[in-house]
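What follows is a single structure, written as structure tokens, with notes after it.
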Amino acid sequence: MLNVQELRAAYGESEVLHGLDFTVAPGEIVAIMGRNGMGKTTLMKTLMGIVPARSGVVSVDGTEITGLKSHQRVASGVAYVPQGRMIFSAMTVQENVETGLTVTGKKKVPENIYELFPVLLEMKGRRGGNLSGGQQQQLAIARALASDPKILLLDEPTEGIQPSIIRDMARTLRRIRDERGLSIVVSEQVLSFALDVADRVMVIENGNFVHDSPRAGIDEARVSKFLSV
Amino acid sequence: MFSDYSMSELGAIFAMQGFAGLILFSVFVLMALGLAIIFGQMGVINMAHGEFMILGAYVTYITSNVFSDYLPALFSIYFFVAMVLAFIASGLLGMAVEWAMIRHLYKRPLDTLLATWGLSLILQQVYRSVFGAREVGVTIPDWIMGSLPVTDMIEVPINGIFVMVLAVGISAAIYILMYRSSWGKQVRAINQNRVMAGAVGINTEWTDRLTFGIGCGVAGVAGSAFTMIGSTGPTAGQLYIVDTFLVVVFGGAGSLLGTIASAFSISQAQSIMEFFLSGSMAKVLTLLTVVGILMLRPQGLFALKLRK
Ligand SMILES: Nc1ncnc2c1ncn2[C@@H]1O[C@H](COP(=O)(O)OP(=O)(O)O)[C@@H](O)[C@H]1O
Ligand SMILES: [Mg+2]
């Protein structure tokens, strides 16, 4: 579904991603683990066209999206839940979700989105900025799903969220995958969440992948060693 | 200066000049609205805004000539057609300018100031070449120029009421579009977080262009209204851009209500004083008052409440 070859990205002169290769199968959930500053956010932003790729090829479902603008990538089936959620805080919950409808041409938010996150329906007239952290995270996911993606990118979705809600989030993400058949790439620092949610775990260190293993039979000790400072 | 008039005469003069000031008020409101839409969306101060207004005035002039030459039977309603055409012409020119020039300069605000100022000079020269340096007057249909008698000394000019209803209607329409239409939603999302707006699928470049076009189109409608109080010349826009900046600053940037209140007070003050003093003296007094008030309230009449 997602195919990335030799992807390089840089801020000015300093290269941050040094030629990444990976593939995500349809319906697969991949967790990308790594400590702070290892390049997870840069990878997500490069996939979204927010940071330009220096070289390499990205394709979705066989269609190359490498040089496209962000909104064109959304139209090609990529959706993004950024680190820090970045909801539109002065807009209502419903309006936030509706911004995600832009590429679909729909006017009304499909009901199955509110079925996933009933709390958003209750709060649809409230300003996004007045929601709790966990609710904002749900809102950001709902907004991303509104564009009807083939692949969902989530950047550290558990950051700043209570442990009890993190459990629910893993379940919700798997449910989304099961119901919609989309692929998910999620970056993480919390191993337990990654093990809850992912089919495959990769580790990124200083802009290179250093480990790649299916969830079944993963060497937990080895992965957590990468994650400890 | 009031001593030559009796109280009832003064009352009548104030009322009549007040109604005459409604057109100026409407022009200010529409101009300020267009400027504010553009500034709010992309942080561009459009120095050529007055020339977009004048384009609307010239379009009105052309439309009136076409109607009187070819469709004299429909002359009484040409003004409605002219306003729509003025909106379209100024709007399209605005979109073209955004595409050719402004979009390359978004990261350089000072350059947009210079570039739009240069554009205003270019447009003035184009108007001079096409329409001549002399000012042209527009024939307004009789019914608009008529007035409704209220008392034997006070008459209400229809054009003032007409243009004011128009200006208030357009302001309301823009406000509604901002909060109800998908264009408005996209504009507000971009205002909050441009990068994220792109990443949820909004075509930010197209929205910018459309917004610039709408702002310029509203200036074009202001130009249509302007033909009722002034004659149209290549540089007539220059006079209004300064006043419009005054209105925006005085009202408190970013506040629709403030803009309307400030447009109202400035236009009324000018119109009423112009009856007793020369036009330039009225301007000087208005300016001094505004500067005085701004020294007491630097944030303008209605300050925008900034969110954290
Ligand atoms: N806007 C930026 N400009 C320059 N360097 C940056 C910028 N953003 C991130 N970096 C650098 O890129 C590297 C990877 O950062 P990032 O992708 O944010 O890592 P992570 O998300 O894994 O914590 C870090 O060394 C960081 O300092
Ligand atoms: Mg990060």
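Just so you know, glycine gets a Cβ as well, placed from its N, Cα and C.
Curation plays no part in TrEMBL annotations; they are all automatic predictions.
TrEMBL annotations:
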type	residues	note
TRANSMEM	B:12-40	transmembrane segment
TRANSMEM	B:52-71	transmembrane segment
TRANSMEM	B:77-97	transmembrane segment
TRANSMEM	B:158-178	transmembrane segment
TRANSMEM	B:210-229	transmembrane segment
TRANSMEM	B:241-263	transmembrane segment
TRANSMEM	B:275-296	transmembrane segment
Self-check item: Cβ-based contact of the transmembrane segment (B:77-97) with the transmembrane segment (B:241-263), 3 or more pairs under 8 Å
Solution: no
Quiz item: Taking 3+ C-beta pairs under 8 angstroms (sequence gap of 6 or more) as contact, is the transmembrane segment (B:52-71) in contact with the transmembrane segment (B:210-229)?
Solution: yes
Quiz item: Of the stretches B:12-40, B:210-229, B:241-263, which racks up the most C-beta pairs under 8 Å with the transmembrane segment (B:158-178)?
Solution: B:12-40
Quiz item: In the same chain, who gets a Cβ under 8 Å from the transmembrane segment (B:12-40) while lying at least 6 residues past its ends?
Solution: 5, 46, 49-50, 52-53, 150-151, 153-157, 159-161, 163-164, 166-168, 170-171, 174, 187, 191, 211-212, 214-219, 221-222, 225-226, 228-229, 240-241, 243-245, 247-248, 251, 253-254, 256, 259-260, 263-264, 266-268, 270-272, 274-275
Quiz item: Other than its close neighbours in sequence, what residues sit by the transmembrane segment (B:241-263), given a CB gap under 8 Å and a spacing of at least six beyond its ends?
Solution: 25, 28-29, 31-33, 35-36, 39-40, 47, 49-50, 120, 171, 175, 287, 290, 293-294, 299-304
